[in-house]
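See below for the structure under consideration.
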Amino acid sequence: MEIIFDGLRRLSGNEYMFSKNTNLSHSHLSVPNTINDVPPCIAQLLDNEESWDFNIFELEAVTNKRPLVYLGLKVFGRFGVPEFLNCSEATLRAWLQMIEANYHSSNAYHNSTHAADVLHATAFFLGKERVKGSLDHLDEVAALIAATIHDVDHPGRTNSFLCNAGSELAVLYNDTAVLESHHTALAFQLTVKDSKCNIFKNIDRNHYRTLRQAIIDMVLATEMTKHFEHVNKFVNSINKPMASEETSSDCEYAANMKNFPDNQTLIKRMMIKCADVANPCRPLELCIEWAGRISEEYFAQTDEEKRQGLPVVMPVFDRNTCSIPKSQISFIDYFITDMFDAWNAFAHLPVLMQHLANNYKHWKMLDELKCKSLRLPSENNN
Ligand code: AMP
Ligand code: ZN
């Protein structure tokens with residue numbers, strides 16, 4: 001464990017871990033006017049949106065890489081977001097379009113499909129009995145908005161890269177939570193700038209301030225340098241008291257949470273953090289695709305660092321030498337297992353835990369066979 005502290009400066013948790021723990025068709029699609037107006041093939045896919053095994057890559061393919069607008073319309077509708085915000089579906093659609101347009105489709109991983117995936121996971125978690133019972137409608141709305149915007153305008157480079165390169169964003173945010181600060185600030189700027197897409201224009205000042213605070217808190221919680229702090233607080237303030245509380249039912253326990261806004265905040269942080277890195281808990285084929293995408297984005301960063309003579313912040317992610325199975329095993333061991341054990345103890349997520357165990361076995365099997373790629377050569381179908 002000493003490696004967690006050894007030499008950790010501004011690096012995000014996983015960069016640090018990786019640097020030390022070495023060992024379709026795209027026909028033109030117009031945007032729908034209403035949720036009832038989406039092309040049948042998209043509507044059909046979205047019918048399965050409430051399932052954890054929903055295939056976001058199929059949605060990416062049939063929507064010409066605009067899954068966020070379509071999934072957003074459906075999910076926000078299901079959770080009564082337009083009613084809560086007192087905004088029309090046209091405003092919501094314009095907002096989703098504007099946010100999606102500000103994700104970089106050129107990023108291998110941090111594009112609008114990742115945002116849609118995090119939105120999907122967040123909506124799934126909000127449907128779990130204990131989560132639903134613990135939160136207010138405002139929290140649900142804030143969580144869905146936070147998931148949607150949480151990586152907007154991500155440049156496909158990490159915080160450390162931006163700091164090392166002396167980028168404008170790093171200077172603007174004093175090398176502190178650079179990307180997370182940017183995602184939140186930009187999303188609010190873009191939203192209120194144009195009344196056509198201002199989903200907040202009809203809510204009163206106090207409501208807006210509370211909602212805005214909740215959204216900011218959640219997006220900032222996705223920063224990985226604070227990972228262990230957030231997980232520990234959740235375990236100590238939510239899981240432990242819950243385990244000792246034998247008398248009250250789940251339902252009573254959850255309802256009681258509504259009297260403790262600080263605990264609601266910890267639940268919301270944990271929820272978006274888990275949604276953000278839920279890809280190792282997806283069905284194997286989806287998990288493999290995500291691992292390929294994040295690896296490619298990291299490889300591209302390492303390439304650029306070498307080209308520009310910048311420090312290589314994640315030497316493990318060198319496309320010439322990387323073992324993807326090893327990198328996934330490290331990521332799961334370091335960040336995923338404990339966090340999802342804690343989240344599962346609260347939210348009860350047997351399907352995710354089963355996928356996680358299965359996916360972990362896949363990476364272990366490849367590593368034992370000294371295979372460095374995403375799957376066995378015999379299974380390569382692309
Ligand atoms: P975000 O940038 O908001 O998506 O934060 C999540 C962090 O976890 C990012 O630094 C991702 O690069 C990292 N991450 C997510 N999934 C994986 C994965 N399968 N392997 C390695 N890192 C991951
Ligand atoms: Zn993310």
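Glycine residues also receive a Cβ, built from the backbone N, Cα and C atoms like all the rest.
TrEMBL entries are annotated by machine, without manual review.
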D250, D262, D276: which one does TrEMBL list with H114, H150, D151 for the Zn(2+) 1 site?
-> D276
Distance between H150 (Zn(2+) 1 binding site) and D276 (AMP binding site) at the Cα atoms, whole Å?
-> 9
Here are the binding-site residues: N111, S112, T113, Q328. Which has the lowest count of other Cβ atoms within 10 Å?
-> N111
Using a Cβ cut-off of under 6 Å to any atom of ligand 2, determine which of the binding-site residues N111, S112, T113, D151, D276, Q328 qualify.
-> D151, D276
Using a 10 Å cut-off, grab the number of neighbouring Cβ atoms around the Cβ of H114 (AMP binding site), all chains included.
-> 25
Candidates S112, T113, D151, D276 (binding-site residues) with CB under 6 Å from ligand 1, in sequence order, are D151, D276
The number of other Cβ atoms within 10 Å of the Cβ of D276 (AMP binding site), counted over all protein chains shown, is 22
